[in-house]
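Enquirer: The structure under discussion is supplied below as structure tokens; questions concerning it will follow.
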Amino acid sequence: MSNFYQGGAAYQAEAPNLQFYSAAPSQSSSFYQGRPSLDPQSRQEVAGAIGSGGRSGSVGGSSLNGPIVVANWWNAFTPWTGTEGEPPLLEELGVNFDHILQKSLTVLNPLSSVDAHIMDDADLAGPLVFCSVFASFLLLSGKPQFSYIYGVALVGSASIYALLNLMSESGIDAYRTASVLGYCLLPLVILSMVSIVASLDGTLGYLLSCLSIAWCSYSASAIFSSVLRLSHQRFLVAYPVGLLYAAFALLSVFDGRSGALGVKG
């Protein structure tokens, strides 16, 4: 019998793979190796760290693939802070207030030189805000023309997009076209604000409208010619752009319902 057990021990030593359980199990099982979040002991220590109000640190003397940062879940929906390893909400949506301010100042100062890379980060956040403010000012002046504004903006952007791609060799996408046209609407937004306190259906209103149209056209043609390298064709670019902004100016000066009411009367 002793020889039998001695032979079995020798066979066991030669074939260690048949040992399904080790004689002395370690503190951390190999089943949770590489997956510390599934370890019950680690999860209890993390829960204790969260309950004690700790912001960061290590668990059980091990870093667990880096420090544990405890953040509030509502930070994922805030526009500024975000969560650990995640950008803020506005950054994920492509809203950058510094770039919006820079483009707005470029439009308000048309005599300054335009950077050729100003529309590399084109966005529609600023144009949508300007169109909404423009329509709101017209509403306060008694001209609810939201559908006309969005219709003219859609048709005008598509037409300018087609013309610019026919004129330039490099071409431009529809997203950047709408972004430039929306930012350059800013002078007409100021004109619509004036229409709240004063009527534009007069000599002064016509002069201010012509000045706003020229301002918008000059800024938009400067940006388009700089981005598309059409410095020798700037006036050809400014002409259709000016027609588009003239349509917006007509919505600011005249009230479409007054003519219909006059016919009925």
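Positions of Cβ are set from backbone N, Cα and C atoms, glycine also.
Copied straight from TrEMBL:
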DOMAIN    108-250  domain 'Yip1'
REGION    31-58  region 'Disordered'
TRANSMEM  148-168  transmembrane segment
TRANSMEM  180-200  transmembrane segment
TRANSMEM  206-228  transmembrane segment
TRANSMEM  235-254  transmembrane segment
Enquirer: According to DSSP, how is the domain 'Yip1' (108-250) divided among helix, strand and coil residues?
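Expert: Each residue of the domain 'Yip1' (108-250) counted once, the result is 107 helix, 0 strand, 36 coil.
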Enquirer: So what's the mean pLDDT when you look at the domain 'Yip1' (108-250)?
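Expert: In the predicted model, the domain 'Yip1' (108-250) has a mean pLDDT of 89.
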